[in-house]
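TrEMBL lists 36-115 with the feature domain 'Inositol-tetrakisphosphate 1-kinase N-terminal'. The feature 1D-myo-inositol 1,3,4-trisphosphate binding site is assigned by TrEMBL to LYS45, LYS86, HIS178, LYS210, ASN307, GLY311. The ATP binding site feature in TrEMBL is assigned to ARG121, LYS171, 199-210, SER225. Among the features that TrEMBL reports, domain 'Inositol 1,3,4-trisphosphate 5/6-kinase ATP-grasp' is placed at 135-327. Positions annotated as Mg(2+) 1 binding site by TrEMBL: ASP290, ASP305. Per TrEMBL, the feature Mg(2+) 2 binding site maps to ASP305, ASN307.
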Amino acid sequence: MRLMQSEEEREMESSSDCGSIVELGFQDRSKKVVVVVGYALTSKKIKSFLQPKFEGLARNKGIFFVPIDQTRPLSDQGPFDIVLHKLSGKEWQQILEDYRLTHPEVTVLDPPDAIQHVHNRQSMLQDVADLDFSDAYGTVGVPKQLVIEKDPSSISNAVKKAGLTLPLVAKPLVAKSHELSLAFDEYSLEKLEPPLVLQEFVNHGGVLFKVYIVGDAIKVVRRFSLPDVSKRELSRSVGVFRFPRVSSAAQSADDADLDPCIGELPPRALLERLARELRRRLGLHLFNLDMIREHGTKNRFYVIDINYFPGYGKMPEYEHIFTDFLLNLAKSKYKKRSASIP
């Protein structure tokens, strides 16, 4: 973050060869906070996230997005106040880790090692389980689950040994794919393809809650999900049913005429405390939770998935929420840096 220079300073910078704020179009502004965000995103993420309305609002607030050139050393680019990224690969992770060490004044969203933690579904939900979350507003846990590394023929015995109850949701162990399968009988389990995570399916009225977290801000939306499975249906169903990205592909349930017992949002106080604890444990600013309420209960919730840097373009009011977050983050860093100067 930086304040606009005086007229003399701007003239000096405009005549220099090095990169400056003036080059980004700040000539007509004075004493305004400027935040430069370098971004390294996939083309798909750029299209969904950096929408014209969002970029326009950001510019009006003094936030400028600058693409990072992956063919050049990161330290030669900028200067940046924030680096926003969602790329995969060990080489990129190492570049970011080295950059964080040599540029402590820059906020990297988010630390690569913290992101890796939620890319693995074995470790992803462990922090939720460790919380053993329960307060006056409800309880939050995770479905009983089992990791299968290899050998599909051993799945049935492993499920029995772990005491898991059918039907079971099967998800890839590495959270790069959002596809899932629902296995109804033990003989179908060997048709699954490890490595994967098996979760007990919890009836939840066919509705899940996507809890978007952007720093301290929380936004919740409803999405239609897999329908409940009755005991009668379970006894009559066999095989493995495969589904695409259920929560993102499904239509919004926010305007649907839902039974209040199913559609009522989780208590705000519960979500705020849960988000605060997970931000601290995960070390992340940008993520969302897929939550469900066990059908027939009022306050028993489960987190079934955690996603880093999700599709914020689908989050209502994301433009204002995200720009406020970036400004507050930069200002907080600036104040800390200023306070440390004698």
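Each position is counted from 1, following the chain as shown.
Cβ atoms are placed via backbone N, Cα and C, with glycine included.
Bear in mind that the values here come from a model prediction, so they are computed numbers and not experimental data.
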Measure from the CA atom of ASN307 (1D-myo-inositol 1,3,4-trisphosphate binding site) to the CA atom of ASN203 (ATP binding site) and give the result in Å, rounded to a whole number.
22
Please report the Cα separation of GLY205 (ATP binding site) and LYS86 (1D-myo-inositol 1,3,4-trisphosphate binding site) in Å, rounded to an integer.
33
When you look at LYS45, LYS86, HIS178, LYS210, ASN307, GLY311, which the record names as binding 1D-myo-inositol 1,3,4-trisphosphate, what is the longest CA to CA distance in angstrom?
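Roughly 20 Å, rounded to the nearest whole number.
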Given the binding-site residues LYS45, HIS178, ASP290, ASP305, which one's Cα is the least distant from that of PHE209 (ATP binding site)?
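Nearest by Cα distance to PHE209 (ATP binding site): ASP290.
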Cα within 10 Å of ASN307 (1D-myo-inositol 1,3,4-trisphosphate binding site) is the criterion; apply it to the binding-site residues GLN199, PHE201, VAL207, SER225, ASP290 and give the hits in sequence order.
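For ASN307 (1D-myo-inositol 1,3,4-trisphosphate binding site), the binding-site residues whose Cα atoms are within 10 Å come to ASP290.
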So of PHE201, PHE209, which of the binding-site residues has the fewest other Cβ atoms within 10 Å around its own Cβ?
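Comparing Cβ neighbour counts within 10 Å for the binding-site residues PHE201, PHE209 gives PHE201.
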What is the Cβ neighbour count of ARG121 (ATP binding site) at a 10 Å cut-off, with all protein chains included?
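Within a 10 Å radius of the Cβ of ARG121 (ATP binding site) lie 21 other Cβ atoms.
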Please count the residues of the domain 'Inositol-tetrakisphosphate 1-kinase N-terminal' (36-115) that DSSP assigns to helix (H, G, I), strand (E, B) and coil.
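With helix first, then strand, then coil, the domain 'Inositol-tetrakisphosphate 1-kinase N-terminal' (36-115) has 36 helix, 19 strand, 25 coil.
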I need the nearest neighbour of GLN199 (ATP binding site) among the binding-site residues LYS45, LYS86, HIS178, ASP290, ASP305, using C-alpha distances.
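For GLN199 (ATP binding site), the spatially nearest of the binding-site residues is ASP305.
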Could you measure between ASP305 (Mg(2+) 1 binding site) and ARG121 (ATP binding site) for me? Cα positions, answer in whole angstrom.
8
If you count Cβ atoms within 10 Å of each one, which of the binding-site residues GLY205, GLY311 comes out on top?
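Answer by Cβ density within 10 Å: GLY205.
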